[in-house]
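Enquirer: First the structure, then my questions, so here it is.
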Amino acid sequence: MGLSMVVLVLLVGVVASVEGLKMEVFHKFSAKAVEAMRERHGEEYGADWPAEGTIAFQTMLRDHDVHRHTGTQRRMLAATSADQYVFSQGNATEQLFGGGLHYSYIQIGTPGILFLVVLDTGSDLLWIPCDCVSCAPLSAPSKDPRTSILNVYTPAQSSTSKPVLCSDPLCEKSASCVALTDQCPYEINYVSANTSTSGTLYEDYMYFMRESGGSAVKLPIYLGCGKMQTGSLLKGAAPDGLMGLGTTAISVPSKLASTGQLPDSFTMCISPDGSGILTFGDEGPATQLTTPIVDKSISGLDTYIVEIDTVTVGSTQIPMASMALFDTGTSFTYLSKTVYPQFIAAYDSQMTLPKYSFNNWDLCYETSDANFQVPVVKLALKGGNTLDVVSGLKSITNDVS
């Protein structure tokens, strides 16, 4: 798996020091997500997926990662050496998305309508099906009251819906407007081949639950009225749309922070089964580990980039001095083509188990004993904090003769 890229996926739970607004999160390959998607695509959806805990399942996750980033333009970061890359967003209307891994139900408008959306840190805009010309199959009524409403947003039927005009600084396509009083159009071309969404921009309310419980809270957000979808979006890559969690002013976290009611921060706390909580306004305790997000002026990217100084494998320390992308849509951590061979050599030299060769997985070992030692892997982040890598070892039951 020696890919020439740096993608870092770290899902770390923290304890909130202030009350935030929360949403439930669940994984694409969970039973809950499969049930929701079968309402849209039929009972055959997911039927050919391998069982969790098998080599085939891990391979499927890896292939999902590769597909997500296939065809992505890689921009060399000026602050790194020549062989260290992250995935580029390209221009302002090209975003990183190749099928998401984490879903959530959201409620938008007055009265509120429920949508099942992908959560994506690699893009910015929240968009949902709206006055559809070409959209993915929509939800059918079901026994679950949360999905019994047809998942289409109609601005005229929401009493709190307000169009975003071409005169608004948020309107990136104002040059295509006839007049500044026209409604702002949007078009996002994702890096997956021939995948895009387009429509018009609105402002409306979205509903959240407080961490302490009680009645729902509604706050204004920007959203795309997605009239046209193409490519993988028509095949269920985003069930009822996508919620971008990126860094620009149009994203949900940025808009919520602009109200002055929440800090400009959010956390995703994910359990081993992929379920968890997304909390807006959660700054975490003062004792938590931190590392600065690299500014766009340095990285050239409007997304979450951090700097890693070294990776430690057991007793071996490997200098990295590279930047890495936080991505909710990628399962594994990918190292640059310079660091990866050093990592493999360091890890393998400290393992006493016999190697087991299998389909491009470089660190596979055979054992019948559940009690064995493996090297501890740590990432030293800029600022001096060290992060232990958890769940780095997958135990696969496989008959070996």
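Using N, Cα and C of the backbone, Cβ positions are placed for all residues, glycine too.
Pasting the feature list from TrEMBL:
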- 1-20: signal peptide (SIGNAL)
- 102-401: domain 'Peptidase A1' (DOMAIN)
- Asp120: active site (ACT_SITE)
- Asp327: active site (ACT_SITE)
Enquirer: Take the C-alpha atoms of Asp327 (active site) and Asp120 (active site) and report the distance between them in angstrom, rounded.
Expert: 8
Enquirer: Provide the number of Cβ atoms within 10 Å of the Cβ of Asp327 (active site), excluding the reference atom itself.
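Expert: There are 25 such Cβ atoms around Asp327 (active site).
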Enquirer: Within 10 Å of the Cβ of Asp120 (active site), how many other Cβ atoms can be counted across all chains shown?
Expert: 27
